[in-house]
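Here's what TrEMBL has on this protein:
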DOMAIN    62-262  domain 'ABC transmembrane type-1'
TRANSMEM  12-32  transmembrane segment
TRANSMEM  66-88  transmembrane segment
TRANSMEM  100-124  transmembrane segment
TRANSMEM  139-158  transmembrane segment
TRANSMEM  187-208  transmembrane segment
TRANSMEM  241-262  transmembrane segment
Amino acid sequence: MTRRTHPLLSLWAWLTYAFLYLPILVLIVFSFNDSKFGATWQGFTTKWYSVLFARPDVREAVTNTLLVAVGSTAVATVLGTLVGFGLWRGGFRGRLPLTFLLVMPIVIPDVVMGVMLLMFYALVRGLLERTGWTFENGFWTVMLAHVTFQLSYVALNVRSRLAGYGRELEEAAADLGATPVQSFFQVILPLALPGVLSGALLAFTLSLDDFVVTYFTSGSGFKTLPVLIYTSVKKGVTPDINALSAMLVLFTVLLLVMGNVLSQPRRREE
């Protein structure tokens, strides 16, 4: 017998969804508004998307965002996969502290993490200046900062994917003559691949959307899309900024859906 949901619970659920998603809908709708200023609807147009990509600062920010996201995701995926495999395999001291360290970047507020990384870069810069070397905050500092929190998501995804399998897989591969390296690449990695891909997509999405950590570690001459949107909004919200925000939101949603699909376990064939 099917249980009926209480009307008040249904109403509360719909109000929650409206609170979460109506602002996104309004943003997307007003990116097609013909009015240049204000929130008054004056007609439908797509010209703001053309204006958007005619701006050199937007093209530069898109390039910076994609380069940082691709570079940091590649590094975090490789390191996170190895860490996740190590956590699943176990057999070493410090497994619990390592898991705790992996969770920390997820639970620490972004502002705190941004300040921590800013102070760390300042300390490293001060030490290097004593030897005659120095560096400025920019692409590399942002990319490394993104790796610090992306790695956790990839590692935990991979460990969760392998959690249902035992060490018997490695033992069976060894009985068949496989070396540990062959066992990893030919047995373990294919099983963990959905977790690796979903973790990589999640890491890529987090990099695209990150503002706080990027703002603290980017310096004045390097801007990604979230930083560009923030600096532009301080001068006033215009339809081209709405268009840029709408595109970023839709692209992010697409990546999250893809990651969710990849993370779902495949049905076993009967």
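Here the Cβ of each residue, glycine as well, is placed from N, Cα and C on the backbone.
Curation does not apply to TrEMBL; its annotations are automatic.
Counting Cβ pairs closer than 8 Å and at least 6 residues apart in sequence, the transmembrane segment (66-88) and the transmembrane segment (139-158) reach three or more and so form a contact.
If you look at the transmembrane segment (12-32), the same-chain residues 6 or more away from its ends with a CB under 8 A from one of its CBs are 39, 41, 44-46, 48-49, 239, 242-243, 245-246, 249-250.
Residues 24, 27-28, 30-31, 33, 48-49, 52, 58, 194, 197-199, 201-202, 204-205, 208-209, 225-226, 228-229, 232-233 of the same chain lie 6 or more positions beyond the ends of the transmembrane segment (241-262) yet place their CB under 8 Å from a CB of it.
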